[in-house]
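What Swiss-Prot records for 46, 198, 413 is substrate binding site. Marked as N6-(pyridoxal phosphate)lysine by Swiss-Prot on the basis of similarity to another entry: 262.
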């Protein structure tokens, strides 16, 4: 009998859930380790490598020194933080936000998105994604049994490499509203927008957003909108960020996602939030309580103190100015290196055109990390830039569905949320492409 028991134990086989069985290593598990292996300048993953502002660090120091913030706080959000968020955001939404019912704080924008998607999508529901899309969107959709549908943001031909227009801009990347309308069916439960857009850097005009809103109103009577606006304070050259929820008839169906990590250069603090009507936020909060229950109290208290600064709007402007300067620095480097850049209107990413690079043989096919994407040009180019030129980037095909991964094959994504020394090192390495 004992022998039979041992035999049964030895034959145990683990099988992942059907909801997660299709998941494999992500693009981040390839290129961050590759950057470390080759001691490359990491312009791939979008995290700042500089310190947050002093007033933000002081807020955390004060929180720890005062004490009393070491236990669980209110599940949907620390009271001081949701009140601070209401105070900051109410003018931008053109309405008085109820701190207790219309705002929920999550473990970063990522968990906020997870809780929101999980609260909306049922098995068989369809979710429209605008390609390229941040890869984190797809996981919770599939875990909920949802079916992603894809509409592609396309660069106008007049703006592409080799055209007479010398300045390529993210504003020339457009959604075809007929294609968007055709993606809607009676099963469409959700559409996810990203504005400003990662990785293209597009900032949608109010007219473009209104076109999307019109399509949603006409073809998606029961469709909810998630508007991921974590780069809201990073717009350049006078571009204005318009919130989708402020368009006529859209507040009632829109969840707006924000991020302290992006706003204050504190991605490791993992504080994000959802803003929306109380019936939707209530459902998201119910989901949230069964995942992390609450966000760490000290980080919420510190973010609240930071948002309460009387000159916080000036800080938002300074943030945009800082990133515009860093953008211009990297644009200059890419242009000199022959990597025709798409000038971003916002975010801290730039798409660089690598058509001038011609791989030979097995160049770029380093298999020492995961060996993923060997059949895709942008993956091999990104590996080649890391291994041969010491600059790590991200292949944007990771932000497209399987059927569309050839679309961005001539691009790689660079980030400029790095200190000046890092950008200078990247500049020096990239210029070796011209030798």
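Even glycines carry a Cβ here, placed using N, Cα and C.
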>> Of the binding-site residues 46, 198, 413, which one has its Cα closest to the Cα of residue 262 (N6-(pyridoxal phosphate)lysine)?
In response: 46
> What residues, ordered by sequence, lie under 8 A Cβ-to-Cβ from residue 46 (substrate binding site) and sit at least six positions away in the same chain?
Replying inline: 198, 348, 349, 415, 417
>> Need one number for the substrate-binding residues 46, 198, 413: the maximum pairwise CA distance in Å, whole number please.
In response: 10
> Using DSSP, would you call residue 198 (substrate binding site) helix, strand or coil?
Replying inline: coil
> For residue 413 (substrate binding site), what residues in its own chain, 6 or more apart in sequence, show a Cβ-Cβ distance under 8 Å?
Replying inline: 44, 199, 349, 350, 351, 352, 393, 394, 395, 396
>> Using the Cβ center of 46, 198, 413 as the substrate site position, which other residues in that chain lie within 8 Å, going by their Cβ?
In response: 134, 199, 347, 348, 349, 394, 415
